[in-house]
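Quick notes on the structure that follows.
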Amino acid sequence: MSEPIDLSQIAPTLKAEILAEALPYIRRYHGKTVVIKYGGNAMTEERLKQGFARDVILLKLVGINPVIVHGGGPQIDHALKKIGKAGTFIQGMRVTDEETMEVVEWVLGGEVQQDIVMLINHFGGHAVGLTGKDGGLIHARKLLMPDRDNPGQYIDIGQVGEVEAINPAVVKALQDDAFIPVISPIGFGEDGLSYNINADLVAGKLATVLNAEKLLMMTNIPGVMDKDGNLLTDLSAREIDALFEDGTISGGMLPKISSALDAAKSGVKSVHIVDGRIEHSVLLEILTDQPFGTMIRSH
């Protein structure tokens, strides 16, 4: 077991200030669920990985219920490269043939998930890994990708799914027993196939079904940026639609922002896009009043 974080070098008055600032937020979120989409640099840099593990443990210790949905794009790309296969994306979604799906399952449900679970447990937490196939968690259907160049037509991108339904029973059971669920975004279809589902979409749907108080989506940029590279700290549904139209939001940000907006419209009270490259970004967003990232609003 790793030694706990050494706070001896922090002056007592500063410790008191930190705790005093956090206390109202601890009270506000006590007993509430926070869904965190975990990805990007925060999953690959050791310092950030350790900081994230400690953050979610602290949340659990103060009575907040974190639920983690993780990505793993770089790890999947690396595994595909080993077998001589290139990754292909359309509108931010990975084209997933049968061979790619096999790689996705063992990378996300094995290597990536277990790395997260082991790190949380190493620092004294109690995490349990799941895929959407466990406990009937995520029912999926094949995603029909609209062809933007041919209205009314669709592009076949293989075993890529969208969430048809979520059965949260297994997640709630783990929460009740003081575990931290770590979920790989793989669903199962009525056709018996596994489906690769964008982790942002899973996080948004799960936050809605769990009646989460907050949804955090970690990324490798400060938040949503305008065309001049300036951070947009607060976005309404109308403003987001305009950014979609003019191409400011594109590529991998499309499913992320769409999912965030859907969650906000579905009743998730607080939805934020945060910079996962900043150490302890989860705690900074939840337990301080420091403006951070981009807030997504439904109105």
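From the backbone N, Cα and C atoms, a Cβ is placed for every residue, glycine too.
Among the candidates Asn41, Asn150, Asn167, Asn196, the residue that Swiss-Prot annotates alongside Gly72, Gly73, Arg94 as binding substrate is Asn196. DSSP assigns Arg94 (substrate binding site) to a strand in the three-state reduction. The recorded positions in question are Lys37, Arg94, Lys256, and the one with the fewest Cβ neighbours inside 10 Å is Arg94. Gly72 (substrate binding site) and Lys37 (site 'Transition state stabilizer') are 11 Å apart (CA-CA, integer value).
With every protein chain in view, the residue among the binding-site residues Gly72, Gly73 whose Cβ has the most Cβ partners within 10 Å turns out to be Gly72.
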